[in-house]
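Undergrad: According to TrEMBL, the protein has these features:
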TRANSMEM  20-41  transmembrane segment
TRANSMEM  47-66  transmembrane segment
TRANSMEM  87-115  transmembrane segment
TRANSMEM  127-151  transmembrane segment
TRANSMEM  158-184  transmembrane segment
TRANSMEM  220-237  transmembrane segment
TRANSMEM  258-283  transmembrane segment
TRANSMEM  303-332  transmembrane segment
TRANSMEM  353-372  transmembrane segment
TRANSMEM  378-399  transmembrane segment
TRANSMEM  425-444  transmembrane segment
TRANSMEM  450-466  transmembrane segment
Amino acid sequence: MSEGRQVGYRREIGWFGSFALGYGDVGPNIFIALGVITLYAGGAAPIAFAIAALLYATVGLMYAELGPTYPYSGGVHVYGLKAFNSVVSFVAGWAMLLAYIVCISLFAVAAAGYLRQLFPVLMFPDITVMGVTIPSIGVLAGLLASLLILLNIVGIKYSAFMVSALVFVGLFIEALILSTGFLLKFDPQLFLRQLTEFGSSQLQRDVAYLPFLPVETNNFLYAITLAMASFVGIESISQAAEETRRPHISLPKAAKMVVVVVAASAIAFPVLAIGSTDWRVIAAAYENPIYTLVSTYPYVGELLMPLVALAAFILCYSSSNTGVVGVSRLTASMGRFRLLPAWLQAIHPRFRTPVRTITVFGGIGVGLAFLGDVTFLASVYAFSAVISYLILGFSYFRLRRLETTVYRPWCMPLCVNLRGREVPVLALMEVSGMAVILGLMAVFHAVGRVMALLWVGAGLTFYALYRKRAGMNVLSRDEAALVEPLSYRIRVGVLIRPYENIETAYRSITHSFDRRFDLTLVTVVEPSRWFGGELDKVGEDVVNDLEALEKRLKHDKYVVDRVAAVGEFEEKVSELLESEKVDLIAYIQRRPEKSALEKGHEASIHNLLSKYPGRVISLKRVGE
């Protein structure tokens with residue numbers, strides 16, 4: 001293989017595999033988040049989850065639009081690079097990199113918590129080394145995370161099939177827990193009574209309290225910000241964009257399905273928990289809340305507990321591994337766009353894995369896992385992700401404004417017209433909501449705030465030194481040219497003959513063009529072909545036919561307008577092409593038996609083909 005040749009990803013992930021990657025990264029969050037959020041939100045935990053779920057839905061829908069439009073591995077940092085510059089791209093990617101690192105540690109701790117329920121012998125005393133106390137769960141989590149790092153260095157096959165199988169397990173277990181709980185344990189009166197308890201009344205060490213607000217209000221607001229940790233991970237879909245078959249179809253479908261399934265799960269579990277037992281019981285068991293919830297079930301609780309613990313351990317440990325995989329993919333993407341040095345992407349000669357990336361960033365994750373501090377890790381996890389999500393929102397709006405000719409296979413719904421521009425309401429909600437959440441985090445998350453600032457500051461310093469040493473500008477838009485959209489919108493003028501069969505025209509157009517094409521339906525009425533008294537009637541009929549065809553195509557979400565012109569065919573079509581209102585002219589082929597009736601017409605087509613090479617195409621006639 002030549003040195004300069006780049007090897008691309010194999011596109012082998014279908015829409016369900018893409019869904020599995022997104023759900024597999026986000027779905028297990030509820031196994032740890034339920035207890036942590038309830039610890040702060042109290043009985044109003046379902047409300048905190050619902051607010052976060054609404055914002056999560058807007059983030060997911062942004063990825064559903066941007067992912068297939070710019071199908072590159074890397075996600076938000078790629079969109080930031082295309083919309084702004086290399087510095088914004090680096091901050092977005094570096095913040096998401098922190099989220100992946102914390103994902104390794106947080107879910108290693110969660111896996112350790114459920115593993116101790118399966119094997120109580122692992123509940124050993126805390127260990128003190130040189131005056132520093134390491135919690136026993138942290139020791140176990142650190143060992144689990146270390147094993148993952150070793151396995152990823154040696155090289156493991158983490159196939160889309162394996163992820164899909166784990167997703168089936170997760171969905172089955174969650175459905176079993178929810179259905180059994182609502183059937184046997186849920187008490188609507190208990191739920192309504194506890195739902196009004198907004199926030200825990202206990203002071204918590206992780207919250208920077210505002211003195212002018214009650215403790216309960218402080219804790220509830222903190223819980224809303226922390227609830228974002230329940231939804232970090234949907235960017236895994238975009239991280240695998242270059243490995244996804246038919247990304248223009250698979251990515252939006254997968255992202256929307258993940259949004260629906262995860263949001264429903266994240267709201268159903270706290271509703272069930274608050275309606276089944278005292279919220280303080282769930283809060284006290286924040287290391288294994290689902291296990292504790294199931295233990296309160298009558299009749300089947302003891303049977304389900306081992307199954308739930310095993311499934312939760314597998315899913316949380318799998319989610320920890322996706323953090324390692326995410327680190328590898330993200331750093332590779334950032335290196336590709338010259339945001340990180342190539343040194344990090346060095347491949348081990350024997351194992352063929354990015355050993356330096358995994359060792360450096362995975363090692364940080366292992367160190368954090370030894371802390372065994374779920375609330376601290378969840379705070380940093382949410383803080384880093386929200387920074388990236390806010391950049392995602394700003395990038396979305398800027399790309400919408402700048403890249404007007406880009407083809408977007410799917411667009412966010414609920415748009416309003418502001419000063420002649422179409423603006424999605426949900427996107428406005430995402431940006432404003434994330435800005436508020438980030439502001440609340442800056443106020444309440446004292447430790448997370450310091451950790452995030454130190455991480456971003458250290459990263460920017462490293463980035464600036466690397467770029468200077470490599471002879472590149474620190475602030476640059478040169479790399480944005482490397483990010484090409486899937487396709488651009490193409491303007492096509494479709495020639496419709498007078499009295500053409502509208503059904504045939506509709507089928508021929510939809511067979512040949514998808515929605516990346518902006519269509520202009522064109523009919524030219526030539527006076528020389530009609531008697532004087534017929535011309536007005538022909539003109540009316542042509543307009544009616546064009547309106548009917550335009551209506552059908554718009555119903556199918558095509559962008560369509562129409563032109564009815566009177567004059568010589570070749571002259572009018574030439575005027576349209578010269579005006580640059582269309583990029584191409586397309587005409588529908590005639591049936592062989594009718595071609596003799598239009599020899600003059602066909603001669604004009606041949607003249608246009610010669611005069612405008614490459615800009616006149618024929619469409620297969622479909623439907624007759």
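Any Cβ shown, glycine's included, is placed from N, Cα and C.
Quick one: how deep are these features, and who are their neighbours?
TA: Only residues 6 or more beyond the boundaries of the transmembrane segment (87-115), in the same chain, are considered here, and those with a CB under 8 A from a CB of the stretch are 25, 28, 31-32, 74-81, 122, 137-138, 140-142, 144-145, 148, 229, 232-233, 235, 287-288, 291, 309-310, 312-313, 316-317, 319-320, 322-324, 326-327, 330-331, 333-334, 337, 339, 361-362, 364-369, 371-374, 377-378, 380-381, 384-385, 387-388, 391-392, 395, 452, 455-456, 459-460, 463, 474-475, 479.
Residues 104-105, 108-109, 111-113, 115-116, 287, 317, 320-321, 324, 358-359, 362-363, 365-367, 369-373 of the same chain, all 6+ positions outside the transmembrane segment (127-151), place their C-beta atoms under 8 angstroms from a C-beta of that stretch.
Outside the transmembrane segment (258-283), and at least 6 residues removed from its termini, the chain residues within Cβ reach (under 8 Å) are 19, 22-23, 26-27, 29-30, 33-35, 37-39, 42-43, 45-46, 48-50, 52-53, 56-57, 60-61, 64, 171, 174, 177-178, 181-182, 185-188, 190-191, 194-195, 197, 200, 230-231, 234, 237, 289-290, 292-293, 296.
Within its own chain, the transmembrane segment (303-332) is flanked in space by residues 21, 24-25, 27-29, 31-32, 73-75, 77, 93, 96-97, 100-108, 110-111, 114-115, 117-118, 144-145, 148-149, 152, 158, 163, 166, 169-170, 173, 176-177, 180, 233, 236, 239-240, 288, 290-291, 294-295, 297, 340, 344-345, 353-354, 357-358, 361-362, 365, which lie at least six positions past its ends and keep a Cβ under 8 Å from the stretch.
Outside the transmembrane segment (378-399) by six or more residues, the chain places 32-33, 36, 59, 62-63, 65-66, 69, 76, 79-80, 82-84, 88, 91-93, 95-96, 98-99, 102-103, 106, 206, 225-229, 232, 235, 406, 423, 427, 430-431, 434-435, 437-438, 441, 445, 447-449, 451-452, 455-456 with a CB less than 8 A from a CB of the stretch.
Beyond the ends of the transmembrane segment (425-444), by six or more residues, the same chain brings 54-55, 57-59, 61-62, 207-210, 218, 221-222, 224-225, 228, 382-383, 386-387, 389-390, 392-394, 396-397, 400, 412-416 to within a C-beta distance below 8 angstroms of the stretch.
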Undergrad: Could you pull out which residues elsewhere in the chain have a CB under 8 Å from any CB of the transmembrane segment (220-237), counting only those six or more residues past its ends?
TA: 18-19, 21-22, 24-26, 29-30, 33, 36-37, 39-42, 44-45, 48-49, 51-53, 55-56, 59-60, 63, 67, 75-76, 96, 99, 103, 106, 198-199, 204, 206-207, 213, 251, 254-255, 258-259, 262, 266, 319, 322, 326, 378-379, 381-382, 385-386, 388, 437, 440-441, 444-445
Undergrad: Between 47-66, 353-372, 450-466, who has the most Cβ pairs under 8 Å to the transmembrane segment (20-41)?
TA: 47-66
